[in-house]
Amino acid sequence: MKIPPICCVITQLPQAETLKKSEGAAFYELRLDLLGENWRETAVLLNKPFMATCRRSAEGGSFKGNEAERINRLEKAASAGAFMLDIEYSTPNLEEVLGRLRPQAKCLLSHHNFTDTPSAAKLKTLLKDMLTHQADIYKVITTATSINDNINLLNLTKEIPDKKIVAFAMGEPGILSRILCPLAGSPFTYASLNDGNKSASGQMTLAQMIEIYRSVNYANHT
């Protein structure tokens, strides 16, 4: 059965049995800020590639160290096998950080808006600003306050067709864009390993996402 690539988010040390149920994932995202020192043990358990993310509190995470420590943790993740690193657009000295990390792993440049979803024009301007920095994938995530907000995010991926752009909205009203973003051009979408691993509002479990794609016969729509 064909389904879109799904990045399965892991926020706590998983049981081996739980990982066996995640075969439908294309790869994992390890939340280094939430896993703490357990991230290394978790990485060893994985049977698929993984991306590493280490969020500051301002970006919805829990990392309490300084920036040097945060970047160092991402470097350690790359050394441990992470094929991609999520770097926030708000990162201080962004160009320097990207220059330091890109030789070690692919970089996904991300922006998160935890308040609302800006207009289509503002999102386009934001994306163009992000594209002035060299990255492998660009991610724009907002918070939906209405169903209509999904449209702005789904259309955003079409603005620069030659770039890889992940765009969807958080929150219950944004679930639609989480499901449909691969059909709109996003290279992948996100899901949690299970209910205990959810890292954002509106995030569905991997099993739920797979069941939805199976129900609508996703392969016939691509």
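Each residue, glycine too, has its Cβ placed from N, Cα and C.
Swiss-Prot lists GLU29, LEU30, ARG31, ARG178, SER199, GLN203 as 3-dehydroquinate-binding residues, and of the candidates ARG55, ARG56 the one it assigns to that same site is ARG55. Secondary structure at GLN203 (3-dehydroquinate binding site), as computed by DSSP, is coil. Sequence-distant neighbours of LYS139 (active site, schiff-base intermediate with substrate): residues of the same chain at least 6 apart with a C-beta under 8 Å from its C-beta are ASP86, LEU108, LEU109, SER110, HIS111, ILE165, VAL166, ALA167. DSSP assigns ARG178 (3-dehydroquinate binding site) to a helical segment in the three-state reduction. If you take the C-beta of GLU29 (3-dehydroquinate binding site) and look for same-chain residues 6 or more apart in sequence within under 8 angstroms, you find CYS7, CYS8, VAL9, ILE10, PHE50, MET51, ALA52, THR53, ASP86, TYR190.
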